[in-house]
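Q: I'd like to ask some things about the structure below.
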Amino acid sequence: FKGDDTCEYLLSSGRFLGDRVWQPHSCMMHKYKNSEAKNCLIDKHIAFIGDSRIRQLFYSFIKLINPQVKEEGNKHGNIPFEDKSASIKVDFLWYPEVNGSMRQRIKSWTEAATAKPHIIVAGAATWSIKIHNGSNEALTQYKINITSIAPLLEKLAKSSDVYWVLQDPVYEDMLSESRKMITNEKIDAYNEAAVRILNSSSRNSKAKVKVFSVSKLIAQETIMKSSDGLHLPESSRETNAMILMNVYCNKILKPIDGSCCQPQPPLTLIQKLAFCFFTLSFIGYLIINLIHRNNYRKNKPCNDLENGEEKKPAVSTPAVSTLEMLLHSFCKLGLIMTYFYLCDRANLFMKENKFYTHSSFFIPIIYILVLGVFYTENTKETKVLNREQTDEWKGWMQLVILIYHISGASTFLPVYMHIRVLVAAYLFQTGYGHFSYFWIKGDFGVYRVCQVLFRLNFLVVVLCIVMDRPYQFYYFVPLVTVWFMIIYVTLAIWPQIVQKKANGNCFWHFGLLLKLICLLTCIFFLSYSQGAFEKIFSFWPLSKCFELNGNVYEWWFRWKLDRYVVFHGMLFAFIYLALQKWQILSEGKGDPLFSTRVSNVLLFISVACFLTYSVWASSCKNKTDCNELHPSVSVVQILAFILIRNIPGYIRSVYSSFFAWFGKISLELFICQYHIWLAADTKGILVLIPGYPMLNVMVSTFIFVCVAHEISQITNDLAQIVVPKDNPTLLKRLLCMVGFFSGLLLFSAIQDQSRH
């Protein structure tokens, strides 16, 4: 750990991921768009001063502001650039040698009464080598000149950002005869002199001239693609310009995926209160533990020396109290949340950008599928979508989604479209599972609702507090929570139609279908009426939950993307349970689901539909167009998979215990990955062991899975305590929760006001 100044890493070290993706050591680089660059540099003056290499950097930099700029004008003269819409002024000043002329220009900035440039990028050396034929006298004069310039640059660094660009290596075989004297040995000597003088000069000064040495590393990999052996190819220049933009703009705009040069965010009021709460829980648990240990010692059996018999204690050791279990759970949770904070809020561990390759996605997929098949066991029951099968389904889907996220496969459209189906399948199971429960059990009590809501939302609420993120940031939990409430309201409102009632009169089946048609109509209306949707979720306090970046558009987009699939899940459950009741299905062990002929036909159609959807998804060219079709067609592959998995009896009778184990903690895995497996809120990858990517993934994955499993246990324990079955006690707990969330909203409002 070398401190939290990731700017030094950004300016001095890194490596290439693939051909054109530069990865700084320890931090993430944001790719700035034109609008972002203008927003950062508004009312700024930037000066590039140096030779033709600095001119190249100048052009690449202004193309980040305006891509239409052409490299025209006098190559050996000053070149101005101005963006009047954002009041940005960028100048290139032609000073090919570090000499008196350059010194005079820099000195004029230090003495000028007018505003100095906000950013100064300087560098030169190759012209000195060329003009003086690589003589040692030229190097000596270079040292003298840069020694005289260094104090002036330091003076400017007090109010401006000053960068000295070291000289890139050359590709000597491609150099023209007039440049043959420019050798890498000479360049290294000039660079060494510049670094030594600038570092020694700024040792006793608070203001520091930043040495831009990363360009050398980039050039070492790419100079072979140069057109003349001296100037960098365009892709390398763009990378250097993007690094400059990150160094200056990250601390201003604070992009999520630009961790380089970003300071650690200060603790908010709510985070401080959370820290105090976990600390008090820890102290309380220690006190109770010490009291219990002391009581145990007092009641410990002892030998009666007179009779030679062992005396039994009068009081037995008490069972673990509810308070002790509560404090124990909060202690564990506090330690886990500390790890979350250190991983993704403190600048303690390194973060890196994702980089997609086909092998990084498909090889792990094949590996886990082989593992899953290896752990095959017989199911306890052989019904369609039995508990073990649904856990298995959730498990392998979650593992595929995790690999998709860490490999950055969202950039590959065919993979993205298939992952969208997996997310839709989760929501399909939400519709199927909750409908089946309410239809069969007829339990619409408050206890059931509170249990489900607590289990879904507990971890996310804690993370919103500890990680200072809005509820909508963890979009999947709000999605399943809202859909659960929609299912509950649809079935609970009058008339309440359940299986027991419907069995007595078939008329009630039509009543339920009418309810489902009304639900579908509402979904259809809201999906095509963004205004109405936004009005519903813009009312306080709903807006506090569903807003992201000041509006509910993101929530509307997420909801709309899979708007029909929960309804499909409910309808499938209704049809399946009706067929089961009418004894049309054969669900015995090893038996096909239908008659042999029907089973074969359905199996053939299912395989054809499954493959057809995959072919369509793989041929997608435009993400927006495919997303428009996705809500209507995703159910095709989901139903095809269910039939393929359940029609053959021998396949329905077995399941993978490996996948099922992960399926039981799938929600925790999905949420925990945001901060302790990925990094920068899923935009990058957490690096616990730098320099060893495979070992790092193994270690971070092991910790991540263990933490997710532990949080699942904590949630289950707390659910029993916080949501009791006793109605009067439950009502009191609900009032406490209302008070807690009211306090949270109040503190959040105070926090927002202080930020503004």
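Note that the numbers count up from 1, one per residue, in the order the chain is shown.
For all residues, glycine too, the Cβ spot is worked out from N, Cα and C.
What TrEMBL says about a protein is an automatic prediction, not a curated fact.
Pulled these from TrEMBL:
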DOMAIN    22-92  domain 'NXPE C-terminal'
DOMAIN    254-734  domain 'Cas1p 10 TM acyl transferase'
TRANSMEM  269-291  transmembrane segment
TRANSMEM  355-375  transmembrane segment
TRANSMEM  395-416  transmembrane segment
TRANSMEM  423-440  transmembrane segment
TRANSMEM  446-466  transmembrane segment
TRANSMEM  473-495  transmembrane segment
TRANSMEM  507-528  transmembrane segment
TRANSMEM  561-579  transmembrane segment
TRANSMEM  599-617  transmembrane segment
TRANSMEM  659-680  transmembrane segment
TRANSMEM  692-711  transmembrane segment
TRANSMEM  731-750  transmembrane segment
Q: Under DSSP, the domain 'NXPE C-terminal' (22-92) has how many residues in helix, strand and coil?
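A: Helix/strand/coil tally for the domain 'NXPE C-terminal' (22-92): 22 helix, 19 strand, 30 coil.
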Q: Below 8 angstroms Cβ to Cβ, which residues of this chain, lying six or more residues outside the transmembrane segment (507-528), approach it?
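A: That would be 486, 490-491, 495, 497, 501, 536, 560, 563-564, 567, 570-571, 574, 578, 631.
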Q: Which sequence positions outside the transmembrane segment (423-440), separated from its termini by at least 6 residues, show Cβ-Cβ distances below 8 Å to it?
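A: For the transmembrane segment (423-440), the list is 385, 390, 393-394, 397, 401, 448, 452, 476, 479-480, 483-484, 487-488, 491-492, 498-499, 562, 565-570, 572-574, 577, 630, 634-635, 638, 641, 666.
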Q: Do at least three C-beta pairs under 8 angstroms join the transmembrane segment (473-495) to the transmembrane segment (659-680), pairs 6 or more apart in sequence?
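A: Since 3 or more Cβ pairs under 8 Å link them, the transmembrane segment (473-495) and the transmembrane segment (659-680) do come into contact.
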Q: Which residues of the same chain, at least 6 past either end of the transmembrane segment (659-680), have a Cβ under 8 Å from a Cβ in it?
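A: 28, 256-257, 259, 339-340, 343-344, 349, 351-352, 372, 375, 388, 390-399, 401-402, 405-406, 426, 455-456, 459-460, 463, 467, 474, 476-477, 686-687, 700-701, 703-705, 707-709, 711-712, 715.
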Q: Can at least 3 Cβ pairs under 8 A be found between the transmembrane segment (446-466) and the transmembrane segment (269-291), with each pair 6 or more apart in sequence?
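A: Yes, the transmembrane segment (446-466) contacts the transmembrane segment (269-291).
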Q: Please give the average pLDDT for the domain 'NXPE C-terminal' (22-92) in this predicted model.
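A: The predicted confidence over the domain 'NXPE C-terminal' (22-92), as a mean pLDDT, is 93.
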